[in-house]
Amino acid sequence: MSGEMSPIDRAKYVAAKRAVGFVEDGMRVGLGTGSTAAWMVRHLAETVDQEGMDITCVATSTRTAELARDLKLHVTTLDEVKWLDLTIDGADEFDPTLNLIKGGGGALLQEKIVATASDRMIVITDASKAVATLGAFPLPVEVIRFGWETTRTLIEETLVNVDVGGREAILRMENGMPYVTDEGNFIVDLHLERIGNPRQVSLVLNQLPGVVENGLFLDICDVVVIGKSDGSVELRDINEGSVHQEQVEVTATGNVFSDL
């Protein structure tokens, strides 16, 4: 790795490194998508190489699968392994009960499928993602291409009847074109400002024709690992009801970090 890490990269680095500590030999592990998850994949590859671990990975996106294979991790499909011991992923927001908004990286559908098919979900993040109430980060909704504008209108009309602060729905763009997911769908980002009842919002969205899935991850996350720029991490375990601090060594010197 060249140069000094920025404070935010240092926070992501230590969160990802600590989360890899949950992985044990012989596990089937789900690999998340996004900038923080990419740090985790690199840490995992380094740990597997140094400790001679035998693990099987399932990726939540094409780009995560490519990174993992480049780093010599064994990547297979969810259909092949059927169920996972652990999934490690990032989040765009999390609240005090560890409910999440995910999908900023465009992989929410596969991320939710993989996380739901896991015994445990570990989320790696930094303190900026902690909120009292979900909704400041736009909520991604994956929609079928056919009739997407009608679907967007239905979404906005439906939001009139739920407890949210805003209703603007914007098609996600990339390089001047609609962003296309790995499944060939579009994403509509909902600028809700505040989600008073996440369960209600998730339920009504997924009942609409044309909606594939939304980025609310409710009762899925077990542990959040919050990285900090001083090299410390905070672990919040929703099942144990515990919160504790640890210090993580920051030494990004392995070959898996050489291109950063």
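Placement of Cβ uses the backbone N, Cα and C atoms for every residue, glycine included.
What you are looking at is a predicted structure, and each value in this text was computed from that prediction instead of being measured.
Features of the protein shown, as given by Swiss-Prot:
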BINDING   T33, G34, S35, T36, D89, G90, A91, D92, K102, G103, G104, G105, K129  substrate binding site
ACT_SITE  E111  active site, proton acceptor
Report, as a single number, how many Cβ atoms besides its own are within 10 Å of the Cβ of G104 (substrate binding site).
21
How many Å lie between the Cα of D89 (substrate binding site) and the Cα of E111 (active site, proton acceptor)?
8
In sequence order, which same-chain residues at least six apart have a C-beta under 8 angstroms from E111 (active site, proton acceptor)?
G32, T33, T60, S61, D89, K102, G103, F217
Please work out which residue of T33, S35 has the most C-beta neighbours within 10 angstroms of its C-beta, and give that one of the binding-site residues.
T33
Could you work out which of the binding-site residues (K102, K129) has its C-beta surrounded by the smallest number of other C-beta atoms within 10 A?
K129
Using the Cβ centroid of T33, G34, S35, T36, D89, G90, A91, D92, K102, G103, G104, G105, K129 as the reference point for the substrate site, which residues of the same chain not in that list have Cβ within 8 Å?
G32, A37, E111
DSSP-derived class (H/G/I helix, E/B strand, else coil) of D89 (substrate binding site):
strand
Provide the number of Cβ atoms within 10 Å of the Cβ of A91 (substrate binding site), excluding the reference atom itself.
28
